[in-house]
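Have a look at the structure below, then the notes.
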Amino acid sequence: MKTHPQAILLCVLFFITFGLLHVVEAGNQEGFISLDCGLSPNEPPYVDAATDLTYTTDNDFVQSGKTGTIDKELESTYNKPILQLRYFPEGVRNCYTLNVTLGTNYLIRASFVYGNYDGLNKELEFDLYLGPNLWANVNTAVYLMNGVTTEEIIHSTKSKVLQVCLIKTGESIPIINSLELRPLINDTYNTQSGSLKYLFRNYFSTSRRIIRYPNDVNDRHWYPFFDEDAWTELTTNLNVNSSNGYDPPKFVMASASTPISKNAPFNFTWSLIPSTAKFYSYMHFADIQTLQANETREFDMMLNGNLALERYRPKTFATGTIYFIKPQICEGGQCIIELLKTSKSTLPPLCSALEVFTVIDFPELETNQDDVIAIKNIQNTYGVSKTSWQGDPCVPKRFMWDGLNCNNSYISTPPTITFLNLSSSHLTGIIASAIQNLTHLQNLDLSNNNLTGGVPEFLAGLKSLLVINLSGNNLSGSVPQTLLQKKGLKLNLEGNIYLNCPDGSCVSKDGNGGAKKKNVVVLVVVSIALVVVLGSALALFLVFRKRKTPRNEVSRTSRSLDPTITTKNRRFTYSEVVKMTNNFEKILGKGGFGMVYHGTVNDAEQVAVKMLSPSSSQGYKEFKAEVELLLRVHHKNLVGLVGYCDEGENLSLIYEYMAKGDLKEHMLGNQGVSILDWKTRLKIVAESAQGLEYLHNGCKPPMVHRDVKTTNILLDEHFQAKLADFGLSRSFPLEGETRVDTVVAGTPGYLDPEYYRTNWLNEKSDVYSFGIVLLEIITNQHVINQSREKPHIAEWVGVMLTKGDIKSIIDPKFSGDYDAGSVWRAVELAMSCVNPSSTGRPTMSQVVIELNECLASENSRRGMSQNMESKGSIQYTEVSTNFGTEYTPEAR
């Protein structure tokens, strides 16, 4: 049998509860949603006699479907919530919409009983979605007539609205009998990523009872299991304290199973489907025997032959829960947990209960919530009753709402609505004010309806809007001048006979701020100007071609920037640069490029002016690269270029001013370190990651930054992060193209060792550098420190983790004010980013998703007192009956 006591990192987490952390009285159903699907809306809420749970009709939570009842001969088999059902003969996707608390773990359970409601005696198969992602395939074949098919999942909400959708996949008509949501404590059932799909939940007893609410305050269902050939049962009538956050029912913890043979192991096996699935397990222990002075119960825990936890001693009459902090896999999908008595133990191991969940990753992000709220308001305003207008508006793409187009190009950014077409939809009333909240809208078509009132001025404020078609309505009044004068907008107001349209402005506008006929004049003028410019350029070319350029001098011709520069951004003269900086009065900083000065443009806009020093390690090539990159990329997390100066030997870049300096200054304490708590640091790196992900996936061609570090992450007055310093940036090849062989460039410590060794550049080089940044914000340690046993930060953190010393790497300035799970996830993410092999590193898209989940976890953290010790890949929670004391394991 293999033993690897240091193969997996251990973390031991203790909850001091004083019996008060999770007080939920029987009968308290706060936050519960219990829907009897198909119950008549005329029936009031009722209390189910079997469970004391209050159920209501689902009528207010779903906009489609018909109701039915199971065969009367089967009614005696089921509780009342199962007797009715809702079925969906129309449409492909039909959804329930439920209001939830953002960032909260919910146990979500859907139950299905066909019950021959239609008299056809057939099996059903359809898909169940949670938001835009597949949750489960529902097949009633096994339980065709008299069984309940149940799907359960524990899911952390990413918005204030949760949608559960039934998807028709073939000839079967989807059905549902009940839908239940139960909020859980946020510090329980956490995952690194994804959600937990229920596999089984057993308590080890000879009892036949299924335990649920009110015995379980969270309404989990516990099923008995007992191996008669290998186990014997222990029971107690004494009180067992089960309040450890997971709070298994007292009835469950009042019994336990132990091997019949005193020296035999306690074994439990199960299978995973598919065999490659990852899982989390939660084992609940309590020693329910009063031990004598000469008695000891101590055991090791093995998973698939590997040592996971040593010398565990269950507390007497108090509950401990052991679980993995990282998802596990089993070879061939066959899993076995063994509890082995140690040499010190006089008693065999025992266990009360085990829960196992498989991990489901949900890759699709929900549509931007502002857009969702806006389109729902528009739907309600006009009473749009399209069958497809259910669930997420944009994703999955095959279920996108009719009349919408969305931008879902970036997997790390929520999709946004860019096109709304409600033409010929029998709309009445005024133009809905909610349209102004679709801030990414590019095309709006409300033509051929019966809209009245005026053309609202807010349409001119939609910056992305390129096309508005309001033709064929009954609009009246004057057209706002701001709308008529908006450049780049194509406006069609034809057919509105009551509309006051000066100068024929109701005719389709050309998109350049004037009518189509004006375009002819513009084209003529532009054509003449183009001929003059081309002629002049040809003459200059013939003159300069005759001149020779000395080898040791860069000519002004060869130094010319891309011609697009002068048309896209302002080019400043050197005298203007001197004026804006007040003769270079205020220095903001110094870098490899040169000095950076404070300045103002037009006596209003603050800017940062970076001057190229003649002795700079960077030169005109880097200057040109940075200007040309910043002129073609625009992202909220990339520093914006206001302009540049290229006059003789005077080269400068004029950026937007970042009032809070760079991240490194704050990490060193130069700018007031009290602001940089864990949440703020997470927010900064999450935003920086979004900027870097845009360079990799949003640019054409995609770009590698090549110099990601804390000094190149700048912060504005609101501590919004923006990536800066693009002088070393290079494009990189797409998959299938030839790799780029470059001269190695970057900053020591942050430089990808694989890139340094091979000279082959790809986007994973940035991922490595970003991993170093992550380690900096977690540890607040220098990247290179020769006084450490391992000078480089990645090697040092790796050694500390191998020793199980997590506390030594976390910045003590946090003072324990952080979500332990989010810190662990960030550490593991950082270590995956600095994998020596680029193929083992995540993409920046994956990094963004992981950091956003860490941030969501930190944001949803509640005030629970807890201490953290490093012990490995297992966490466990203990409750002592002597309130105010902690259980501490032996040192390894």
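Backbone N, Cα and C define each Cβ position, glycine as well.
Owing to the predicted nature of the structure, the values given are computational and were not obtained by experimental measurement.
According to Swiss-Prot, the feature repeat 'LRR 1' maps to 375-396. According to Swiss-Prot, the feature repeat 'LRR 4' maps to 447-467. The phosphothreonine annotation in Swiss-Prot covers Thr573, Thr742, Thr747. What Swiss-Prot lists as domain 'Protein kinase' is 582-855, and the listing cites sequence analysis. Annotation comment: Swiss-Prot describes Tyr655, Tyr755 as phosphotyrosine.
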Modified residues listed as Thr573, Thr747, least Cβ neighbours within 10 Å: Thr573
Within the repeat 'LRR 4' (447-467), residues counted as helix, strand or coil by DSSP: 5 helix, 3 strand, 13 coil
Local confidence of the prediction over the repeat 'LRR 4' (447-467), expressed as mean pLDDT: 95
Residues in the repeat 'LRR 1' (375-396) grouped by DSSP into helix, strand and remaining coil: 8 helix, 0 strand, 14 coil
Close approaches to the repeat 'LRR 1' (375-396) from elsewhere in its chain (Cβ under 8 angstroms; 6 or more beyond its ends): 63-64, 90-95, 129, 131-132, 163, 165, 364-367, 402-404, 406, 408, 415-417, 420, 422, 425, 427-429, 432, 434-435, 437-438
Thr573 (phosphothreonine) and Tyr655 (phosphotyrosine), Cα-Cα, nearest whole angstrom: 15
DSSP-derived structure type at Tyr655 (phosphotyrosine), helix or strand or else coil: strand
Separation of alpha carbons, Tyr755 (phosphotyrosine) and Thr573 (phosphothreonine) (Å): 39
Euclidean distance between Cα atoms of Thr747 (phosphothreonine) and Tyr755 (phosphotyrosine), Å: 12
Cβ atoms near Tyr655 (phosphotyrosine) (within 10 Å, other residues, all chains): 23
Tyr755 (phosphotyrosine): tally of other CB atoms within 10 A of its CB: 23
Secondary structure at Tyr755 (phosphotyrosine), reduced by DSSP to three states: helix
